[in-house]
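Chemist: The structure that follows is given in the form of structure tokens.
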């Protein structure tokens, strides 16, 4: 008798994705982040669901409903902090996952890569709207500043912003719709992630060498299931350390003050995972230029496959490209730091330099480095 997992219509899908999936035998821990992102998403949906049971999406009661969750609901505090810090873990895994794709040339799987870029943008939108929901000072002013950027779009900008706000300022209508979108988007992300996986399984995984691994494949279970479980345990351990010891480490103290449209906080800044884009946005003196630069800072990922000039797929055997990659990482860390600093000398100049470097490395220096390596190898 043939095993039920290979014949049953539903079990067959699970089997082909997680059990009998032929996987390269040499993929490293950098390949763990895909499954970790899945775990993060499930965790966020579950904690978010329980938070939504007690949250009220109304300007008058939103802030106090979050306080009520933390003080009066059984284990509400841990659910709230797991959700808030879970978002940070989500983005750490996202950045690692994208970085892995850049380093090992996984972006040559075009459909999978473009689907991933869409997933990244959707997740960023979801996180932004979630940050607005507690209705603290930074929630309100963050929402005001970021939505206001759309007014830079010529001709339709002002109408577009007022349409998104549902009025002439960020108010009741804005909060209600942001809650609705924040609730629905994670389920859309889950569906998109399935499509992402579907595209990946059409080609099979890449591996650190970038060389086709058809000659040396092993079953996903038990080898990589056990490896994913180890990764998951490390993820949950680090999340719980954050939640139980320093839950407010990555948050903004201003968000413990209820939203007040009459009082602007001295430094308006988003959560840490948006700071690199925020720094790029601020580094251009022109409003529309800044908005375009910030959007392109993410959309530039779509161009990466077309800028691949190397004869090798992975950077594993390309030391010059490796240097470029790590300079890019350092540049992104610099941008993240600058995004959290006030707009004054010397931060302005550093931010502008780091922003120019970011685009220069991806658009010019990396393709040039690849061409140099090709010539050195006489390819």
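Glycine is treated like the rest: Cβ placed from N, Cα and C.
What you see is a predicted model, and the numbers here were worked out from it, not measured in a lab.
According to Swiss-Prot, the protein carries these features:
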- 33-53: transmembrane segment (TRANSMEM)
- 77-98: transmembrane segment (TRANSMEM)
- 83, 182: heme b b562 binding site (BINDING)
- 97, 196: heme b b566 binding site (BINDING)
- 113-133: transmembrane segment (TRANSMEM)
- 178-198: transmembrane segment (TRANSMEM)
- 201: ubiquinone binding site (BINDING)
- 226-246: transmembrane segment (TRANSMEM)
- 288-308: transmembrane segment (TRANSMEM)
- 320-340: transmembrane segment (TRANSMEM)
- 347-367: transmembrane segment (TRANSMEM)
Chemist: Quick one: do the transmembrane segment (347-367) and the transmembrane segment (77-98) have at least 3 Cβ pairs under 8 Å, skipping pairs fewer than 6 apart in sequence?
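Modeler: Between the transmembrane segment (77-98) and the transmembrane segment (347-367), which are separate recorded stretches, there is no contact, as judged by 3 or more close Cβ pairs.
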Chemist: Can at least 3 Cβ pairs under 8 A be found between the transmembrane segment (178-198) and the transmembrane segment (33-53), with each pair 6 or more apart in sequence?
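Modeler: Yes, the transmembrane segment (178-198) contacts the transmembrane segment (33-53).
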Chemist: How many whole Å apart are the CA atoms of residue 196 (heme b b566 binding site) and residue 182 (heme b b562 binding site)?
Modeler: 21
Chemist: So which of 33-53, 113-133, 226-246 is most in touch with the transmembrane segment (288-308), counting Cβ pairs under 8 Å?
Modeler: 113-133
Chemist: Taking the Cβ of residue 97 (heme b b566 binding site) as centre, how many other Cβ atoms lie within 10 Å?
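Modeler: So the Cβ neighbour count for residue 97 (heme b b566 binding site) comes to 20.
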Chemist: C-alpha of residue 182 (heme b b562 binding site) to C-alpha of residue 201 (ubiquinone binding site): distance in Å?
Modeler: 29
Chemist: Could you tell me what the rest of the chain brings near the transmembrane segment (33-53), counting residues at least six beyond its ends with Cβ under 8 Å?
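Modeler: For the transmembrane segment (33-53), the list is 69, 79-80, 82-83, 86-87, 89-90, 93-94, 96-97, 100, 130, 182-183, 186-187, 189-190, 193, 228, 231-232, 235-236, 239.
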Chemist: Using a Cβ-Cβ cut-off of under 8 Å, list the residues of the same chain that are 6+ residues beyond the ends of the transmembrane segment (113-133) and lie near it.
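Modeler: Distant contacts of the transmembrane segment (113-133): 48, 55, 57, 62, 66, 87, 90-91, 94, 97-98, 101, 106-107, 139-140, 142-143, 146, 174-175, 178-179, 181-182, 185-186, 188-189, 192-193, 195-196, 199, 270-271, 273-274, 298-299, 301-302, 304-305.
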Chemist: What is the Cβ neighbour count of the residue listed as 'ubiquinone binding site' at a 10 Å cut-off, with all protein chains included?
Modeler: 14
Chemist: Same-chain Cβ contacts of the transmembrane segment (77-98) under 8 Å, 6 or more residues past its ends?
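Modeler: Sequence-remote neighbours of the transmembrane segment (77-98) are 30, 33-34, 36-37, 40-41, 43-44, 47-48, 50-51, 66, 69-71, 116, 120, 123, 127, 130, 235, 238-239, 242-244, 247, 250-251, 271-273, 301.
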Chemist: Below 8 Å Cβ to Cβ and six or more residues apart, same chain only. Which residues does that give for residue 83 (heme b b562 binding site)?
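Modeler: Long-range Cβ contacts: 44, 47, 48, 51.
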Chemist: Determine, to the nearest whole angstrom, how far the Cα atom of residue 97 (heme b b566 binding site) is from the Cα atom of residue 201 (ubiquinone binding site).
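Modeler: A Cα-Cα distance of 17 Å.
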Chemist: Can you tell me how many other Cβ atoms are located within 10 Å of the Cβ belonging to residue 196 (heme b b566 binding site)?
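Modeler: Around the Cβ of residue 196 (heme b b566 binding site), 21 other Cβ atoms lie within 10 Å.
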